[in-house]
Every structure is written in C-alpha cells, then in structure tokens.
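Structure, as structure tokens:
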C-alpha cells in the first residue's frame, strides 16, 4: 500500500511539473493578438479536458480526473456534466463535440426514473442547460428533454405555500422536504428557478411553469423583509422565513441575483423586480458592507442574528458574483459610457457601479494574496482589528478551492461594461494559476483539471493537494466566463441576453397580456399582493413539448382567444 502511494506521488509529481511548465503555457498561438491568444488558451483547456472526460467518464455525472473514472449520483445519469457544459461548446463553435453530446442526450438521457433530485440544482444546471442549448440550436431534442424534466420537477411546488420543497422525486413527482434545517427550503434555491421556468413557458406557450415561479416570488415578498434583506431559510408549509441569518453567500446569494435578472429578462418591463432589487441593494449598503484593515478592502459580511445584530466579517467566495451584478444593474447591460449619457443615470447608479468595482477588486485579492497558489479559498474572514497586519485569514476548513466562477464572472461583466483592460489582466492571472495548480496530465499526456483541498500549502512532495474531482461548473461557468472575458466579438451581448446563475444565456423577451407578472407588492399590512386569475391546468396530464413554429406571442394570443371563446 505504501509503495502504491509512493508511486502515485511520483506520477503526480511528474504530471504536475509537466502541467505547470513554469507557469507558462505550452500552446502555440503565434500570429494572434494577446487577448486572442488568451481566449485560444481557454478554448484549448476546455477541449483538452473535455476530450479526456469523453474518453474516461462519458455520460457520468461525477468525474474523478486522477482516478480517470466517473460515477452517477443516482441509478441512472442526469446529464450533470454533458448538459451543463453543452452551451459552452456551442458558444465556442465545437460542432463535433456538440454532436456527440446531442446524440447522448437524445438516446441516453431520461428524467422519469425513481430518484430524488435537488430542485434548485437540477433546474439551474439541467433545465437551464437544455433551454440554452435549444436557443442556440433550435433543435427540438433539447426542448423535448426540458419539458420532460420540468414535468418531473413541478411536484416540488405542490406545497401549502407554493414555496418549492428542496427535493423532488423524478418518477412520482412528489416534493420532499429538506431532511435538515427543520424541513426549511433555502431562500436562494426557492427564488432561483424563475428565469428557467419563465423562459420555458415563453418557448412552449404553457403558462403553468410561469405561474409556479411567480407564486414563489409573491409569497416571499408578502413577508415584507426589512430593507430588502431576507433570511436564508423559508418554510414551505407556511411561506414564512425561518431563522434570522442574512447573507449573500450560500443559501442567500442568488435570491438577490434573480431580482435584477427577472427585471432584465423581460426587457425591464416588470418594475416590481427593479423595486425589489433596488431596495435590497440599499439594504446591503446599509447593513452588510464594511472595509478591512489595513488595506481597506470592501467586503460584504453576514448578519448571524439578523438586522440589528453584529456584522460577521466572514465572506464566501460565492459572494463575489455581487460586484458584477451591481455593475450590470447600474447600466442595464449598456456600456458604462452609454449608460452615463442617459438621463436615468444618477448618483445612485454611480455608487452601485463603484461598489461593484470595489467588491470585485476585493475578490481578485482573495486570489492574488493567497500563497503559494494564487487561488482563492472557499471562505475568508476579513480583519477589522488595527493591531493585525493581514486583511483576511483563512480557517483550516475553508482552504479548499472548487474552481468556482464568481470572481471571473464579475471580471467578465466589468470588462464588458468598461473596456478596462485591468479586468482582463486580473482574469488572466487567475486563469494561469488554475492552469498551473489544478491541471492534471496522465501518462498518455491527456489533460484534466481537479479541485484543490488546500490553496495555502502543497503536500509533502511539493504538489498541489488535489481533491480528484471536476465540478460541472468548471466548464459550464468558470471557463465560459474566461472565454468570454477575452472575446473581442461581443459574443452574447449583455443588452440582448441574461445569464442564469449557472451561466446559461437566455435571450431577453417582451411581456404580453398572457406572460407577465400577475401580482403587485404588498404596500401595507391591509393590502395583500393580488395574483391574477389564470387558466386551470390539469397537472395529471401535463403537455408534451410542442416547439412553436410561430412566435410565442402569437401562440399566447391564440390561447387567450380560445379561453375567451
């Protein structure tokens, strides 16, 4: 056993030094500009590692790059890797890889087997990935699977309040309460299915999914959260928040993200979401923002005991999405110069954008200041004590790096909106460190990438501490955002698209009398948010996918006329 471990260490040692190459890339992209080369390097990293996954882990939901083997999370595959990564391959124009993925989805993927899935994760990764793939290809295979999956997921919303249960059984459609946290659902998870469900309704003309998603938001808003800040748990039986913990990290993050993105998805026509978003931003500024010592890094803390309690200086890497979100909210997807020329530009938007830049710089420092890898840990704790010399500390249990996307996501937004090359430089530094310290090359010279268990030290052989796991969001989000960061052709224009929280781009669209928000905010205790009446749907006979040849608007009008008749 000891000999086997020693030999494995020797192999990994050789692999690591082959992969690191002194921090430089081995690819030859002569004749390209600096950022064209950077984009080509990202593309090569994606394709090299994807081909290795195709060879050793094809179809499996989980991939172990060092063992070179995969496994499924349940009795059958969910498409975790393939579906989540598909639109990245489409955006990069990889027809052969896309064709193989399509064949697998058509022939091997099925969402009707007996297995409990997380409602949120399955929605943002699988449903989101299928819908984005359909948008880029107009291939019914993807929409058919999306409808099949949505039919399986809809039972999660059959709670007394309309707040989805944390899990659902794909075969029975029965929603399942969380086994911990007293059965509560995560607030972020409940409020981060709306883009996907609404877009599916828009594509199919079926309002069921739209109404399920909107009902969640109406229930959450009826709690009238103070200053727009919400606890991270909500009870699916009552629709009331549970506990007092407020944070923009895990279980809280994407609630705030989807307030803005629902507003943008429907071309800024649903002001209720802009109002909720603006209120939450002011709440964040008032209660959660602070600065570190000695460098004055702006960070977002947590309120363990709710508003009025002491601010914890802990910040998840997950929070790093917020800098880009603030910048996107300030400009609406226009460049900063374009937005500043409008009459709607004001001190509020200026302050939002500035805060977004400051937070993104802090997140960059969470990489840059970490030795020896230059990679961010999962969580840091910022210092406000003037007697200490470091801006943040990393606790032993928080030293891992899962190759998360949030920092490069914000760098992508800020570069697109400002054109400031410093954001590309920051992103390229992070990319280089990912290549140097997470790249694994097997004896055949085949490339993979692995998460790390510790970014602050190497093992006894001087090697990175690999977790032997590749997350699907490495391809779906992190490398996609890096690819787009270095893109000079404005792929996926921010004025035309909104990215879901798993980086799947959806096109913006207009509302109409059929597809629109059917409730209004609760102004006072005596006025209840009103849900509009809608066609009663027989949930025992849900629709098969019927991709529309005509526009969804025309389809909706015909349905309305049918109901009225």
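Just so it is clear, glycine is given a Cβ too, placed from its N, Cα and C backbone atoms.
Noted in Swiss-Prot for the protein shown:
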DISULFID  320-363  disulfide bond
ACT_SITE  378  active site, proton donor
BINDING   501  Ca(2+) binding site
COMPBIAS  526-538  compositional bias 'Basic and acidic residues'
REGION    526-565  region 'Disordered'
COMPBIAS  550-565  compositional bias 'Basic and acidic residues'
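A map of Swiss-Prot features onto the structure.
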residue	record	DSSP class
320	disulfide bond	helix
363	disulfide bond	helix
378	active site, proton donor	coil
501	Ca(2+) binding site	coil
Argmin Cα dist to residue 501 (Ca(2+) binding site) over the recorded positions 320, 363, 378 returns 320
Can you give me the Cα-Cα distance between residue 320 (disulfide bond) and the residue listed as 'active site, proton donor' in Å, rounded to a whole number? 11
Going along the chain, which residues six or more apart from the residue listed as 'active site, proton donor' have their CB under 8 A from its CB? 316, 317, 398, 399, 400, 401, 402, 404
In sequence order, what residues of the same chain, 6+ apart, have a Cβ less than 8 Å from the Cβ of residue 363 (disulfide bond)? 317, 319, 320, 323, 376, 406, 407, 410
Which Cβ among the recorded positions (320, 501) has the fewest C-beta neighbours inside 10 Å? 501
